[in-house]
Amino acid sequence: MNIEVNFCHNMEHFGAFEENPKLAIAVSGGTDSLALMLLVKHWNEKVKGEITVLTIDHHLRSESTSEADYVSSICQNIKLQHVTLHWIHKGITGNIQAQARKARYHLLTNYCQEHDILHLITGHHADDIVENFFIRLLRGAGLAGLSSHNIFFVNNVRIIRPLFNITKQDLKKYLEQQNIKWINDPSNNSNKYLRTQVRDLLKSMLISFQNNFTVELLKKRIMLSQMHLTRALDSVNNEIIHYVVYAVKIYSAGFAVIDRKLFRQASPEARYAILSYLLMIVGANTKPQRFSSLQHIILHDIQEYNTYKTLHGCIVEYSIQYIIIYREFGRCYPRSKVVSNSVVWDYRFKVVDNRKNNRMNLTIDYLKKSDYHLIKSYVESNQRNAYFNYSRKILFTFPVIKHLEKVIAIPHIKYYSDKTIQESVSFVFEPKLISRWFHYC
């Protein structure tokens, strides 16, 4: 099949677009993204959308700025709008590729949000999918990790990957036909990165298979397996939604409660997924916990009560009826912050400050045990408060408002020693992980 026809068919796979859609394409100047840009331009002749090409200058190599300029020159020649976004940093240590990827999505999706662009199209081709499968397999990934989705949301921006069944070799041939030169990133061939090591491993595997396997056949087999895994994952996702609705409550005060009896009726895969999501939401994490740790929590649930475990920045407490998950500060308590609009405390609570006249200096902090005696009588007279039905310890994870080191408000339990604060300052629970599956009580 002609690559342009194949690409247009793939775009139809993602469903109908709105009339004259606003589209962004992530283009680095490499084979994949340049071919993607030309294919989107061809497809757009019928759709009549507004295209913006976005290039990230990571400032990690001396050539990065000239490479962004090269993409800009091509866009000028084919009459596409181009914008270069800059990753400003003070030198990177640790996992450079992971940090660069995180920065890319942050910059790209922020630009899309600021310019009312819903669709961000990225170059993620068949070879990438095969390599990702093996990388995740080596890391012991579960069903969700081994399956592959070509459409998902980041920061409320719709990420589309339409090259999922097109190989890198086909993309190179297409660019040669269009007489477009591409940029070779030397890091793609560096053996210090796991992706390059996996690529070499696949080549050696094919050599050992001799004539029984070809590269294309291997890719097709793996993509077929991923289709089956994705279909199985969709089924599990439906189960997850069911048990999130009936067995889970997430409170806007930043903790979660699971009905143990109902939760045990779910499949192990659904339970692992739900626990993983809850630990990320409550613990202010962006990455899931390892399977082995979650397995320990699941086994503990079968036989224990009136005990607790610590995991992923959370305390997992077991009562006879419930599993209660709340924040564990450990040795790293969140810093106090001055109350003002849009300030985020503990990476989870955003401040809404509607004060107009009385602007006394207020701070957000956690409740210390030494502060508790000031509100003890209020707490004891409000035993029916739903939060206190689970664990009194949860109280010490709530954000409190202080003036001159004195607690004057704990909005989540409706405690106010100053009534003007009740009408003007509040908290909104906004964890790092946001999922359409979860709502807050």
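Here the Cβ of each residue, glycine as well, is placed from N, Cα and C on the backbone.
Listed in Swiss-Prot:
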type	residues	note
BINDING	Ser28, Gly29, Gly30, Thr31, Asp32, Ser33	ATP binding site
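Apart from Ser28, Gly29, Gly30, Thr31, Asp32, Ser33, the ATP site neighbourhood in this chain, defined by C-beta within 8 angstroms of the site C-beta centre, holds Val27, Leu34, Ala35, Leu36, Gly123, Trp182, Ile183, Asp185. For Gly29 (ATP binding site), applying a Cβ distance below 8 Å and a minimum sequence separation of six or more within one chain yields Thr55, Glu67, Ala68, Tyr70, Val71, Trp182, Ile183. For the recorded site, Ser28 (ATP binding site), the DSSP three-state label reads coil. Here Ser28 (ATP binding site) comes close to Thr55, Ile56, Glu67, Val71, Ile183, Asp185: these same-chain residues lie at least six apart in sequence, with C-beta atoms under 8 angstroms from its C-beta.
Residues within less than 8 Å, Cβ to Cβ, of Thr31 (ATP binding site) and separated from it by at least 6 positions along the same chain comprise Lys168, Leu171, Lys172, Leu175, Trp182. Shown in sequence order, Gly123, His124, His125, Asp128, Leu163, Lys168, Leu171 are the residues of the chain, 6+ apart in sequence, with a C-beta less than 8 angstroms from the C-beta of Asp32 (ATP binding site). Long-range neighbours of Ser33 (ATP binding site) (same chain, six or more residues apart, CB within less than 8 Å of its CB): Ile25, Ala26, Val27, Thr122, Gly123.
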